[in-house]
Every structure is written in structure tokens, then in C-alpha cells.
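Structure first, commentary second.
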Amino acid sequence: MKKHGVLNSEIASVLASLGHTDTIVIADCGLPIPAGVKRIDLAVEIGKPSFLDVLQVVADDMAIEKVTLAEEVINNNAEVNKEIELKLIEPAFEYVCHEQFKEHTKKAKAIIRTGEATPYANVILHAGVIF
């Protein structure tokens, strides 16, 4: 049994398979998941698990080069936006409109659906390299 890091076997497998610039999405419970993209559904009830809890665990186990967020999060969910900026200090940040964000999710290797039920609590993580 693993002692630390991501214990969820599906998430651990996706993280291990990522190459440089590949993307994964951590999403609230309302983000549409495009056909053909792997869905890892962690939601058990509204708010559980939280977006920020899942983001922290994944970020601790992943080399992240860039982060993409919907620009609407700035005005509609400032608290989550601030927490993302505090948790992910090193990667570059990119903000796009929500419609563009949803288009970008079509290229993701996987979308991790949380129980989060606050607006625009979604992030695209772009894989970096460890060297």
C-alpha cells in the first residue's frame, strides 16, 4: 500500500502517465465533461471533497508548469482564486473566458470532478518537468 501522495489509483495512474505540457483538470461538480475525456468522479455530496483539498493533493504530487483558470473566477469566486494563487506559487497563471476554458478541457488527459459547488472552481494544470 502507498504511504503518501495520491492514493486514488485512477489519479495516480493519470499523473504517472503525463508528459510535458499534458493537461489535467480539477473541476467543481457542475463543469461539463466532454465526451472522450477520462472522468474521475470523486464527488460524494455537495462540498465533499472540496476543490481546494483535491488541488492540494494533486499539486503536491505533480510538476506544474502552467495553470489555466476562467477569468470569471476573479470576480465571482475571489476566495478560491486567492487560495489557488497561494497554493500554486511557481507556475505561470493564464486566465481565459469560461467558454475558452471549456474548449481547453476537451484536450485534457482527465477531469477530476470534486463535490465543490462554488462558481468557477475549476483549474487546468499543465504538466511541467522535474528536471
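Any Cβ shown, glycine's included, is placed from N, Cα and C.
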Inset, instruction - Determine which of His98, His104 appears in Swiss-Prot for the same substrate site as Asp28, Tyr120, Ala121, Asn122. - result: His98
Legend entry - Recorded substrate binding residues, Asp28, His98, Tyr120, Ala121, Asn122 - maximal Cα separation rounded to whole Å: 13
Inset, instruction - Enumerate same-chain residues with a sequence separation of six or more from His98 (substrate binding site) and a Cβ-Cβ distance below 8 A; give 'none' if the list is empty. - result: Ala70, Glu71, Glu72, Tyr120
